[in-house]
Amino acid sequence: MLSARTVLTRTARLSNARLNSTLVVAEHDETKLAPITLNAITAAGKLGNDVSVLVTGANAQKVAEQVAKVNGVKRVLVAQDDKLKNNLPERVAPVVLASQKQFNFSAITAGSSAFGRGLIPRVAAKLDVSSISDITQVHSADSFTRTLYAGNAVKKVKSSAAVKLLTFRGTSFEPAKEGGSGAVEKAPSADIATDTSEFLGQELSKSERPDLATAKIVVSGGRGLKSGDNFKLIYELADKLGAGVGASRAAVDAGYVPNDMQVGQTGKIVAPELYIAIGISGAIQHLAGMKDSKTIVAINKDPDAPIFQVADIGLKADLFKAVPELTAALK
């Protein structure tokens with residue numbers, strides 16, 4: 001029989017373990033885990049605590065099995081309910097709050113995507129703390145670096161909140177690898193309201209080209225292409241390189257391409273091995289989405305275009321001549 005002192009000691013240890021743990025809320029499409037969640041798991045591990053992952057959805061169990069195999073994941077919480085289909089932030093938030101009430105996590109995190117940006121501030125408001133978004137570096141459990149003004153300023157912040165609410169920029173952290181064996185258990189039950197929001201539908205572009213978020217090479221076009229038909233020059237070059245295709249906001253706003261191709265502050269953040277910007281002037285909003293690329297190549301006829309300031313290789317040329325020549329040279 002254990003003494004009262006032993007029981008108290010073990011209880012205190014258990015309490016501390018719970019206080020020093022981090023929750024990552026997984027993003028997925030009901031079949032596979034979103035790549036940015038793997039980046040978030042790596043970032044969460046840098047907080048120095050055990051990492052748990054919450055998987056919500058109508059088919060959460062299947063995704064949870066994938067998460068359990070990720071290195072660094074100690075526990076996987078599963079909330080499977082038809083009400084959670086499509087993972088609307090308004091419906092996921094109560095599950096996160098119920099998990100926090102039971103496990104008392106020291107940090108609740110997600111990737112800095114549309115999903116994470118919709119969920120984390122909502123949970124932060126419910127817990128009456130401030131969230132810290134788009135973190136690019138973790139210094140300690142309470143100190144972080146994030147960017148401001150479309151990436152033109154870098155700020156180091158320290159949070160004194162009892163529980164940290166954080167989103168991590170995916171391109172700033174390596175994706176977590178397989179090799180784990182996390183325990184899978186049912187998430188705490190929560191009252192999920194269905195009268196505040198409703199999922200109506202979505203239109204997704206289908207392409208055989210690599211996804212922008214994970215492509216090692218990205219070819220992007222801007223307003224300099226003058227029309228959507230001329231984007232065929234971008235597609236042909238991208239296909240030769242096995243690259244993903246992006247666009248500037250100006251090209252999207254002009255109706256040349258759909259908005260899911262937009263790279264920039266209000267679009268997708270990418271950091272491929274090679275980024276080729278064609279007919280893109282280089283507004284700060286676009287630079288914020290691609291300036292972490294390993295090598296940047298710019299093709300523009302304007303020698304004063306801001307894109308040349310961040311380019312490793314710049315070509316002052318008419319894109320309608322230079323791009324076909326480049327594509328032909330790759331045959």
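Just so it is clear, glycine is given a Cβ too, placed from its N, Cα and C backbone atoms.
Keep in mind that TrEMBL annotations are predicted by a computer and have not been checked by a curator.
Listed features, source TrEMBL:
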DOMAIN    22-203  domain 'Electron transfer flavoprotein alpha/beta-subunit N-terminal'
BINDING   Arg223, 248-249, 262-266, 279-286, Asn300  FAD binding site
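For Ala283 (FAD binding site), the same-chain residues that are 6 or more apart in sequence and have a Cβ closer than 8 Å to its Cβ are Ser248, Arg249, Ala250, Gly264, Pro306. Around the Cβ of Ile280 (FAD binding site), a 10 Å sphere holds 31 further Cβ atoms from the protein chains shown. For His286 (FAD binding site), the same-chain residues lying six or more positions away in sequence with a CB closer than 8 A to its CB are Gly222, Ser248, Arg249, Val263, Gly264, Gln265, Ile280, Ile307. The binding-site residues listed here are Gln262, Gln265; among them, Gln262 has the most other Cβ atoms within 10 Å of its own Cβ. Using a 10 Å radius centred on the Cβ of Arg223 (FAD binding site) and all shown protein chains, the other Cβ atoms total 18. The average pLDDT computed over the domain 'Electron transfer flavoprotein alpha/beta-subunit N-terminal' (22-203) stands at 94.
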